[in-house]
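Asker: Below is a structure I'd like to ask you about.
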Amino acid sequence: LQHRTFCKLPAEPGPCKASIPAFYYNWAAKKCQLFHYGGCKGNANRFSTIEKCRHACVG
């Protein structure tokens, strides 16, 4: 399985101040982890559930 490049991006909460639980793929740790999304901007390495993260980046 070839990893999608967005799976290598760091967690990006963005500039807004909400605290929305989300998951990102931690490339160094090789697993999906929780972070808090601010609600705007950010990047493609953000998923609403750990299952979606695993499906996209773990395979």
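Backbone N, Cα and C atoms are what each Cβ position is placed from, and that goes for glycine too.
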Asker: Among Cys16, Cys57, find the residue that Swiss-Prot gives as the disulfide bond partner of Cys40.
Answerer: Cys16
Asker: Near Cys57 (disulfide bond) in space, meaning Cα within 10 angstroms, which of the disulfide-bonded residues do we find among Cys16, Cys32, Cys40?
Answerer: Cys32
Asker: Can you tell me how the residues of the domain 'BPTI/Kunitz inhibitor' (7-57) break down into helix, strand and coil by DSSP?
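Answerer: Split into helix, strand and coil, the domain 'BPTI/Kunitz inhibitor' (7-57) gives 10 helix, 15 strand, 26 coil.
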Asker: Which entry in the list of disulfide-bonded residues, Cys40, Cys57, has its Cβ near the fewest other Cβ atoms, using 10 Å as the limit?
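Answerer: So among Cys40, Cys57, the disulfide-bonded residues given, the one with the fewest Cβ atoms within 10 Å is Cys40.
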Asker: Taking only the residues in the domain 'BPTI/Kunitz inhibitor' (7-57), give me the average pLDDT of this model.
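Answerer: So the average pLDDT across the domain 'BPTI/Kunitz inhibitor' (7-57) works out to 98.
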